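Asker: Annotated [4Fe-4S] cluster binding site per Swiss-Prot: Cys270, Cys273, Cys305, Glu312, in sequence order, evidence recorded as sequence analysis.
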Amino acid sequence: MHGESPIKRRESRKIWVGSVPVGGDAPIAVQSMTNSDTNDVAATVAQINRLEAAGVDIVRVSVPDMDAAEAFGRIKQLVKVPLVADIHFDHRIALRVAELGVDCLRINPGNIGREDRVRAVVDAARDRGIPIRIGVNAGSLEKDLQKKYGEPTPEALVESALRHVEHLQRLNFQDFKVSVKASDVFMAVAAYRLLAKEIVQPLHLGITEAGGLRSGTVKSAVGLGMLLAEGIGDTIRISLAADPVEEVKVGYDILKSLRLRSRGINFIACPSCSRQNFDVVKTMNELEGRLEDLLVPLDVAVIGCVVNGPGEAKEAHIGLTGGTPNLIYIDGKPAQKLTNDNLVNELERLIREKAAEKAEADASVIVRG
């Protein structure tokens with residue numbers, strides 16, 4: 001039952017991606033991206049619905065050509081979550097998805113083409129209240145910056161970003177967010193730190209091409225954790241070569257660990273040892289699978305023995321500490337003794353009861369407020 005996060009977030013301009021606020025005092029938004037063929041409308045809608053069920057706030061969809069733009073329009077009509085269209089090179093695609101109701105455009109003004117084309121995209125965005133995301137990536141820096149710096153560097157990433165920022169600002173457009181991504185953690189962190197001092201717009205955080213589920217999770221947690229702990233970042237995307245739903249889960253787990261945002265169960269569990277009185281690993285696996293549907297923020301401690309068990313259990317909404325018999329704590333107080341028989345079923349029941357109680361209490365506070 002930990003309190004608010006001690007992190008003081010960087011002040012930034014608030015923009016709106018559909019119904020989702022980004023920046024300012026808004027919660028840090030969790031994003032993901034579809035990896036289906038955009039032209040396969042049914043598959044893409046199904047994936048977006050799965051992402052929404054997992055708690056995603058914003059979904060990015062690649063729109064490589066005009067056929068995909070038309071498919072994007074059909075997808076937009078079939079989902080509720082705000083959609084970002086990822087567009088490169090052809091400004092006409094951006095203009096078309098703007099007509100079709102896109103919630104945000106992800107572009108680089110530098111690869112859209114001539115000034116008149118950039119102006120046309122910006123005018124369309126302004127007229128429809130559509131924000132733009134400037135996305136700079138170490139793998140696709142401008143040739144002159146590659147020549148100037150010799151290789152991708154934090155300074156090169158920021159110089160590229162500021163070029164695009166100035167481009168939009170010359171056109172009197174301020175509703176944008178910026179990312180400066182790299183697959184190298186130190187490069188990305190340094191670039192975001194530099195950029196955070198230069199602009200007031202919200203920052204979209206990510207470690208690009210982070211890797212598979214395990215390695216990508218670790219790299220993203222390290223890199224984004226460093227920045228978020230410093231108050232930098234308004235929206236995050238965990239880039240994984242895995243099911244996009246896993247990106248959402250990892251994103252929320254990172255935010256939970258820093259007490260920046262809560263959704264669902266925050267498990268505190270020991271790695272287990274020979275002192276355990278029940279199978280901690282098996283118990284955790286079963287509970288995580290069974291309780292994925294719960295959205296109410298709860299701290300649940302699952303500790304296998306009495307060394308650290310009582311201390312952790314007392315700090316959680318519900319805690320289980322191993323013993324003979326095992327002991328359940330509710331709101332920091334011993335409440336019930338349990339044997340290993342039916343342990344998971346009983347613990348699930350208690351957690352669901354506590355979640356319902358907390359949801360009702362939270363709703364009551366909102367109504368009274």
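Including glycine, each Cβ sits where the backbone N, Cα and C put it.
On this model, are these features tucked inside or out on the surface, and what's nearby?
Answerer: Around the Cβ of Cys273 ([4Fe-4S] cluster binding site), the number of neighbouring Cβ atoms within 10 Å comes to 10.
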Asker: Take the Cβ of Cys270 ([4Fe-4S] cluster binding site) and count every other Cβ within 10 Å, whichever protein chain it belongs to.
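Answerer: Its Cβ has 21 other Cβ atoms within 10 Å.
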Asker: With an 8 Å cut-off on Cβ distance to the Cys270, Cys273, Cys305, Glu312 Cβ center, who else from the chain surrounds the [4Fe-4S] cluster site?
Answerer: Pro271, Ser272, Arg275, Gln276, Val280, Ile303, Gly304, Val307, Asn308, Gly309, Gly322
Asker: Within its own chain, what residues at least 6 apart in sequence put their Cβ under 8 Å from the Cβ of Glu312 ([4Fe-4S] cluster binding site), listed in sequence order?
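Answerer: Long-range Cβ contacts: Ile268, Cys270, Ala301, Ile303, Gly319, Thr321.
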Asker: Sorted by position, what residues of the same chain at least six away from Cys305 ([4Fe-4S] cluster binding site) have a C-beta under 8 A from it?
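Answerer: Once residues fewer than 6 apart are set aside, Cys305 ([4Fe-4S] cluster binding site) is near Cys270, Cys273, Arg275, Gln276, Asn277, Thr321, Gly322, Gly323.
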